[in-house]
Structure formats: structure tokens, C-alpha cells
Amino acid sequence: MDTIFALATAQGKAGVAVIRLSGPRAYHTACLLAGPDLPSRGLSVRQLKDSQGARLDDGVVLTFAAPASFTGEDVAEFQIHGSLATTEAVLRCLGDLDGLRLAEPGEFTRRALENGKMSLPQVEGLADLIDAETEAQRKQAQAVLNGALGQLAEGWRAKLIRAAALLEAVIDFADEEVPTDVSPEVRALLAEVRADLEHEIAGVRIAERIRTGFEVAIIGPPNAGKSTLLNMLAGREAALTSEVAGTTRDVIEVRMDLGGLPVTLLDTAGLRETGDLVEGMGIALARRRADQADLRVFLTEDVDAMGVELQPDDLHVLPKADQRPDTANAISGVTGQGVDQLVQRISDVLKTRSSSAGIATRERHRVAMKTALDALDRTGTVLESGPDLYDIAAEELRTAIRALESLVGRIGVETLLDEIFASFCLGK
């Protein structure tokens, strides 16, 4: 097994940089740079030197003996001054040593997974935590990283293994002292797991939206003030504004944190009949993105004139509050009048939806759980035929168990791992 190393902190100038090593030569390498009397596990303040004895930097050296480390291997970390030159000097020194190589993206975490220090959902949770931009995303990622989904899946798996064992007992030991009617307990176990799976499957879409972000489309006729409103919400000139109708022809996206939730605001082309080919393409795109959005804000005097059917959660506000005597339910992107109230309304709708989110956060999770649920449905149907078909019921249970094992990364995930770890930095 190679010993790997990489910069664990962000590239660039910083107060502190952390360089991580993992593998059989991690401790030996730490001693080469920091002195021979390092503890096998602990913290030391040392002067780091290269192979010629030249001083590299003063820093903190952390050592972790296997298996009590992040990767499950011997691990060492150098906490040094974060200048580009200092970091490069230490990395260059490590690269010149035999038996060491630069880590691939996510390789430290991959070793943690392979050594049983993390489950696949925890790896996904770590990736999401690194990418988290809002409080809701942080909390969601922390729950998965702390093992919430893995614990659920292991609990379901244990119940299904118990159910399968009961059926196998009837099949293999029918002539001995084994209860002949195990179906009540089996059905009870299936019902418990089935209810949990249905609940989690129902919450995946919203949970995934929290992970990736909600889309909120601003819709209205030309010159209603959509781009001005977008700029007001973004706090910058994200969209070009003009008195000329039809200025916006593409969909302009602005990412923002709205009450702790990740939201992408979409400024769309004004909806109207037009003979301009390019504007017409923009309007068609606007309609498609509006249909796909999680929430739509209609900024218009007359929604019916938009040719779009209102959905229950759609919001309708009147434009240009600064130019009308009655400002009820009206906003102005110029003065900001009514904008805070609109933001609160958007936030309330999305927070209400978010309350139904489950722990599972990805389409992969949903597919695995749906596969298990379908197998449980087939199991229940087969059980109706009595003990003669218990062998088929047991096989369906094994299908469900395998689906749950794929959920936590026990089987069939090699291609998926390559995709996940490609998104990690070298030091993770």
C-alpha cells in the first residue's frame, strides 16, 4: 500500500496550511522531517527540515497510529505557515521521498471507506458538507455524515434478516420443533420496514432540493420590473435593465441563501406574443424553466394574461409599487417596497415544504429504497399462498436486503465511488 500525501487545506495564501499523510510510511516520514522522537500518537511543536537538513518551517506535527485515525491507517499531519512558498517547499520535499506519492482526489476518504471507518452514505454526507452553502445544507449533511441514514438502513436490514431467518427455519426444519406459522411475525417486520421506506422515499425529492437548491422563477410580462427585482434581491446588478421591452432574452440565475435554504432565483424573459425569433426562443425557454421551478412568483397585473395556470403555492404580486396609490400586495424593485414581505412569503413556502424532507438525499438512495420496497410488496403477495412458497418469499427478502446493502455501500458501488471521489479535493 502506497503512502499518500496532499495539501488538506485550500490552495492559496493562508495563515495556516495542513499537509496530510496516510499509509505505512506516514509515521516514518513525519520523523524524517520533524525528528526521530515523535510520539506514535500525539501533538508536537517541531522544526521541519528537508533531507539535507535545511530548515523548511516551524509547525505542529500530529501523529495518529492505525487504526485510530481518519483513514484507519497510520496518519500524520503537518500544520505549517500557509504561504505558497512554504507549502510548496514541504510538498516538494515529500515528493522526493521514496514510497510516497501525491494523493488522488478523495483518496484519503476512499481509504477510510475501504477500511471500514466510514459508510458510503457518510462519504456522501462529507462531500455535501464540504459543498454546503447554507445552514439547512449544513444540518442535512451533518445528519448523513453522522450516520443517520446508515443506521436506518442497518435497522431495516436487521429486521429483514430476522424475517428471512424465520422463513428459512420453516423451510429447512419443518419436521422439528419450529413454529409452523411464522407469518404473523414476518408480516409485522415487513410492515415496519415498509412504512419506514415509504416515508423516506416520499421525502427524498425535498431533501435533494435542500442539497442542490430550490429554484424560484420570476415571471411576468416585459417591463414589469422582473430584472430590477432580481437585482434588488441579489444585492448587485445581475441582470441588465432597460426601458426597452424584451431586454431579458435568456434565463439569468442568481444563487442566494434565503432563510438558511439554498435558492436559485430565475429572471425569465417577459411573456408576450412576439415576431422576434430570438425573443421568442427566450420566451419558450422561460416557460420551460418556469414549469420546472419549485416556486413561481408572478409579477404582473393580470396572471390570466400570462397563459400560465397558477399552482397552489405560486405567489402573485403587483409590480411597480412606487407608481401606484394602492400598494397592497405590490412591490418595487426600485425602492424595495414590499420586497421584504415577498422574501418572507417565499421563505415560508419553502420552509413548509422542507419540513417533509427525509434523511435520504439522493436519487441513488431513492432507487435502492424503491427496489427494496418493491421486493417487500412481492414478498407479502407470496406469503398469501402459505408455507409452500416460503422459499420464493425468502428470495424476495434477500433481494430487498441486497438493495439495502447497496444503499450503505456494501455491494455494487465501484463506479459510483469513482464519481463521488472525483468531486473531492486532494487532501480529502
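A Cβ is built for glycine as well, from the same backbone N, Cα and C atoms used for every other residue.
Pulled from Swiss-Prot:
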BINDING   Arg20, Glu77, Lys117, Lys428  (6S)-5-formyl-5,6,7,8-tetrahydrofolate binding site
BINDING   Asn223, Ser242, Val244, Thr247  K(+) binding site
BINDING   223-228, 242-248, 267-270  GTP binding site
BINDING   Ser227, Thr248  Mg(2+) binding site
DOMAIN    213-351  domain 'TrmE-type G'
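Sequence features, as recorded in Swiss-Prot, placed on the structure.
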| residue | record | Cβ within 10 Å |
| --- | --- | --- |
| Arg20 | (6S)-5-formyl-5,6,7,8-tetrahydrofolate binding site | 23 |
| Glu77 | (6S)-5-formyl-5,6,7,8-tetrahydrofolate binding site | 24 |
| Lys117 | (6S)-5-formyl-5,6,7,8-tetrahydrofolate binding site | 17 |
| Asn223 | K(+) binding site | 20 |
| Lys226 | GTP binding site | 30 |
| Ser227 | Mg(2+) binding site | 23 |
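The shortest Cα-Cα distance from Ser227 (Mg(2+) binding site) to any of the binding-site residues (Arg20, Glu77, Lys117) is found for Arg20. Across the structure, Glu77 ((6S)-5-formyl-5,6,7,8-tetrahydrofolate binding site) and Asn223 (K(+) binding site) place their CA atoms 58 angstrom apart. Note: the Cα of Lys226 (GTP binding site) and the Cα of Lys117 ((6S)-5-formyl-5,6,7,8-tetrahydrofolate binding site) are spaced 50 Å from each other. Under the DSSP three-state reduction, Asn223 (K(+) binding site) is assigned to coil, being neither helix nor strand. Taking the C-alpha positions, the distance from Arg20 ((6S)-5-formyl-5,6,7,8-tetrahydrofolate binding site) to Asn223 (K(+) binding site) comes to 55 Å. Rounded to a whole value, the Cα-Cα separation of Lys117 ((6S)-5-formyl-5,6,7,8-tetrahydrofolate binding site) and Asn223 (K(+) binding site) is 57 Å.
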